[in-house]
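Let me begin by presenting the structure, written as structure tokens, before commenting on it.
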Amino acid sequence: MKITVNFLLVALIGVPSVLSDRHITRDKRQAMRDYAKWENNKMSLFFYNLPLEMQAMFRDAINYLENHTCLKFEYNENAETAVRIRKGNGCYSLYGMHAGEVQDLTLDYNCASFGTAVHEIMHALGIAHGQARSDRDDYLIVDSTNSNDGIENTENLVPFDYGSVMLYARDPHSDKRIPIDPEYNFTMGSLRVAFYDMVLLNKFYGCNCDNHPRKLDCKNGGYQNPANCEECLCTDGFNGQLCDQHEGVYVLEAKKEWDASGVRNNYRKGIETNTMPEYTYFALTAPEGSTIEVRITKLSGFFCQHTCDYNGVELKYKTDRRIVSPLVCCDNDNLWNKTRSSTNNPFIIAKYGNNRTPHFEFEYRYIPGNATAAPEENN
């Protein structure tokens, strides 16, 4: 069986043969040299005593990567250099390719998810944690004695993103790893794959469409897909060949007065960690040159803990459509109902999780001109 997969990763330069990840202690400097890249952009892998549900999880992760990069995966139990994916005591992976070796990548039930599968594969491709970036002190307050938080000699090919699948959650019981911007308290540790995660992976492995005869004018932060140069990879809420369409997206026209909308259904609360997140998108439009304002007014049935890992809502107000804006999943967070303003038109709202995270409501309006409103709480 042969599986072809494409995906993006963070570039590292440094020391080989170290373990990454959850429930595993590591050397403080674990970056990799370029020789740790997989040759010909192809990884060989196979499953070993891996439960069927975890196999399905990895196939989803591989298919995702295949659709977003020029990388390929080949299922090959006889390969001299390969990744053996098995059940273990924790979720971890070696960094990069180890020539002539069968290297282990493990999952355990207490940490297994689609996002974790992507996270560990990206380690095997040569990507370090977000908290190990050389610029992390501009964005995080960390305990440098923590073995997972040592700065590595990374090549920062994309902006720092609090929503990266490679970034650990904040530590809710201490100040060992907290965001300098407190609005990202619940965003760190998300199990979503961020747009910049794939951009990074593509840049690291040189995946691009530079030699393709047709150049596409991708819109709204999108870029030509190295997996299929006849289409663009699109940011949240956009689709179509050039990322200028909203098929399957709720398109709402903002007015000068506050209007209300949301997602309302009767499913019971719950989570399914082994599947890809399901998304519902809203695109709020307004006259050209306007500022669009949005505020969440109700959250119900979301799984709430110290990070919005399995479900949540993102009001994408950041000017850079590729970056992750603060995530919301808990109505006891004093930031959850802040008014967000953006000149991005349309203004995109993303709800993620599954149909068991049932209910959120929001209000929206536009203000003529480029107005920047200070965040406010609803009373």
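Every residue, even glycine, has its Cβ placed from backbone N, Cα and C.
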Inset, instruction - Using the record from Swiss-Prot, pick out the residue from Cys70, Cys91 that is joined to Cys111 by a disulfide. - result: Cys91
Inset, instruction - Scan Cys207, Cys209 and flag the one Swiss-Prot records as disulfide-linked to Cys70. - result: Cys207
Legend entry - Per Swiss-Prot, cysteine bonded by disulfide to Cys234 (from Cys229, Cys243): Cys243
Legend entry - Helix, strand and coil counts within the domain 'EGF-like' (203-244) (DSSP): 2 helix, 10 strand, 30 coil
Legend entry - Local backbone state of Asn67 (N-linked glycosylation site), from DSSP in three classes: coil
Legend entry - Per-region confidence, the domain 'EGF-like' (203-244) (mean pLDDT, whole number): 98
Inset, instruction - Measuring Cα to Cα, tell me the gap between Asn337 (N-linked glycosylation site) and Cys111 (disulfide bond) in whole angstrom. - result: 30
Inset, instruction - Taking Cα atoms as reference points, rank the recorded positions Asn67, Cys70, Cys91, Glu120, Cys207 by distance from His129 (Zn(2+) binding site) and give the first. - result: Glu120
Legend entry - Nearest of the recorded positions (Cys91, Cys209, Asn370) to Glu120 (active site) - Cα to Cα: Cys91
Legend entry - Packing count at Cys111 (disulfide bond) (other Cβ atoms within 10 Å of its Cβ): 17
